[in-house]
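Features as listed in Swiss-Prot:
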- K33, F34, L35, R36, E45, E46, V47, Y76, K77, D81: substrate binding site (BINDING)
- V47, I48, V49, R55, K56, A57, I58, G59, K60, Y90, E91, K92: acetyl-CoA binding site (BINDING)
- 1-111: domain 'N-acetyltransferase' (DOMAIN)
Amino acid sequence: MKKDFHSTYYIIVVEDLESHHVIGTATLFLERKFLRGKGICGHIEEVIVHPDHQRKAIGKLMVLTLIKLAFSLNSYKVILDCSDSNVGFYEKCGLSRAGIEMKKYASHSII
């Protein structure tokens, strides 16, 4: 397998400088799409902000930073999955609804 770019994952970690606790994290995963001429699709995942620090624009800053990073690395789009309760937050970050997520979890009997 040939690797066409240096990094696949980019992780943001936000630390409270007073308490030295992690108060937020977010991840960008870059995926090459065969049907898009090996174009890059950015996936934003695991956006988490500690409840004591929510509604302070930390999550929005992380998401906007990852979107900017994805496009600077030539992604043709950025996608993410979220619950219905988080749609408004992501719309404020400039994303819009597109499709329906499907999933199947691995059973616990897997080796």
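Cβ atoms here come from the backbone N, Cα and C positions, even for glycine.
The Cβ of K77 (substrate binding site) has C41, G42 as same-chain neighbours under 8 Å, each 6 or more residues away in sequence. Note on E45 (substrate binding site): other Cβ atoms within 10 Å of its Cβ, all shown chains, come to 14. Mean model confidence for the domain 'N-acetyltransferase' (1-111) is a pLDDT of 91. In the three-state DSSP assignment, the secondary structure recorded for K33 (substrate binding site) is strand. Separation of the C-alpha atoms of I58 (acetyl-CoA binding site) and L35 (substrate binding site): 35 Å, rounded to the nearest whole number. Calculated from their C-alpha atoms, the gap between E91 (acetyl-CoA binding site) and L35 (substrate binding site) amounts to 27 Å.
According to its DSSP assignment, I58 (acetyl-CoA binding site) is helical. For the binding-site residues V47, I58, counting C-beta atoms within 10 A of each C-beta gives the highest total at V47. Compared over the binding-site residues K33, K56, K60, the count of CB atoms lying within 10 A of a residue's CB peaks at K60. A simple way to gauge crowding: the CB of V49 (acetyl-CoA binding site) has 20 other CB atoms within 10 angstroms, across all the protein chains here. Cβ neighbour count for E91 (acetyl-CoA binding site): 11 (other Cβ atoms within 10 Å of its Cβ, all protein chains included).
Checked against L35 (substrate binding site) by C-alpha proximity, the binding-site residues V49, K56, K60 yield K60 as the nearest.
The two recorded residues, V49 (acetyl-CoA binding site) and K33 (substrate binding site), show a Cα separation of 30 Å.
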